[in-house]
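Annotation source TrEMBL lists signal peptide at 1-21. Taken from TrEMBL, the feature disulfide bond covers CYS31-CYS46. Taken from TrEMBL, the feature domain 'Cupin type-1' covers 60-210. The oxalate binding site annotation in TrEMBL covers ASN105, HIS110, GLU115. Annotated Mn(2+) binding site per TrEMBL: HIS108, HIS110, GLU115, HIS156, in sequence order.
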Amino acid sequence: MASRFLLVGLLLATISLVALASDPSPLQDFCVADTDSKVLVNGFVCKDPKMVKAEDFTFRGLNKMGDTNNPVGSNVTQVNVNQLPGLNTFGISMVRIDYAPYGQNAPHTHPRATEILVVIEGSLLVGFVTSNTDNKLFTQRLEKGDVFVFPEGLIHFQQNVGHGYAVAIAALSSQNPGAITIANAVFGSDPKISDDILAKAFQVDKEVIDKIQSNF
């Protein structure tokens, strides 16, 4: 009997901890980010509601094509809390992604968000890889109007496989999802990761690593 009560007590404690770990419900209609505040919190402190304007909830320019003249042939126009202060505490953001012919949004992760993407124009090859040790690739070719979801934290990519320019819009489940481009982080860190470490990790000669690092 005592062990049964102990088991029930542990179960209730576990449920309580899970409940406390979830995102809290908003305690006000909005919390527009005060980007000028020197107070450091997880996110941004709220602007005085009396100082809030409609412009705090407005972003213009997502209709404009981004500059894809770069080595990977893509451009990401972000609309997160840094561009749209009214997103603060809402747990959402979005991006426009432009792709030159055969351009790609290189393999990357969003450490704080799941992403759902819809193709607006063109054809994209998209995919994500599951975590160790399976490392299973889920990939799909998308056409205009198709939707694909990338789970939070997993490495994913998109590549334009059409002959013209392509455009996609994506929504993310964080006001500031973050992005870690794998190649930039591994080969372009400051200071550099030792070529001994990378050579062993990628199972290539150090000269190959040095060459790749020089490109970043």
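Each Cβ is built from the backbone N, Cα and C atoms, and glycine gets one as well.
TrEMBL annotations: computationally assigned, not manually curated.
Annotated features taken from TrEMBL, shown on the structure.
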residue : record               : Cβ neighbours (10 Å)
CYS31   : disulfide bond       : 21
CYS46   : disulfide bond       : 18
ASN105  : oxalate binding site : 26
HIS108  : Mn(2+) binding site  : 19
HIS110  : oxalate binding site : 23
GLU115  : oxalate binding site : 24
HIS156  : Mn(2+) binding site  : 22
Exercise. Near HIS156 (Mn(2+) binding site), meaning Cα within 10 Å, which of CYS31, CYS46, ASN105 (recorded positions)?
Worked result: ASN105
Seminar exercise, completed: Taken over the domain 'Cupin type-1' (60-210), the predicted model's pLDDT averages 96
Problem set entry | HIS110 (oxalate binding site) to CYS31 (disulfide bond) - Cα separation in whole Å | 24
Exercise. Taking the centroid of the Cβ atoms of ASN105, HIS110, GLU115 as the oxalate site, which other residues of that chain lie with their Cβ within 8 Å of it, listed in sequence order?
Worked result: VAL95, HIS108, THR109, ALA113, LEU117, PHE150, HIS156, ALA170, LEU172, PRO177, ALA179
For this session: May I have the list of same-chain residues other than HIS108, HIS110, GLU115, HIS156 whose Cβ is within 8 Å of the Cβ centroid of the recorded Mn(2+) site, in sequence order?
Result: THR109, ALA113, PHE128, PHE150, LEU154, ILE155, PRO177, ALA179
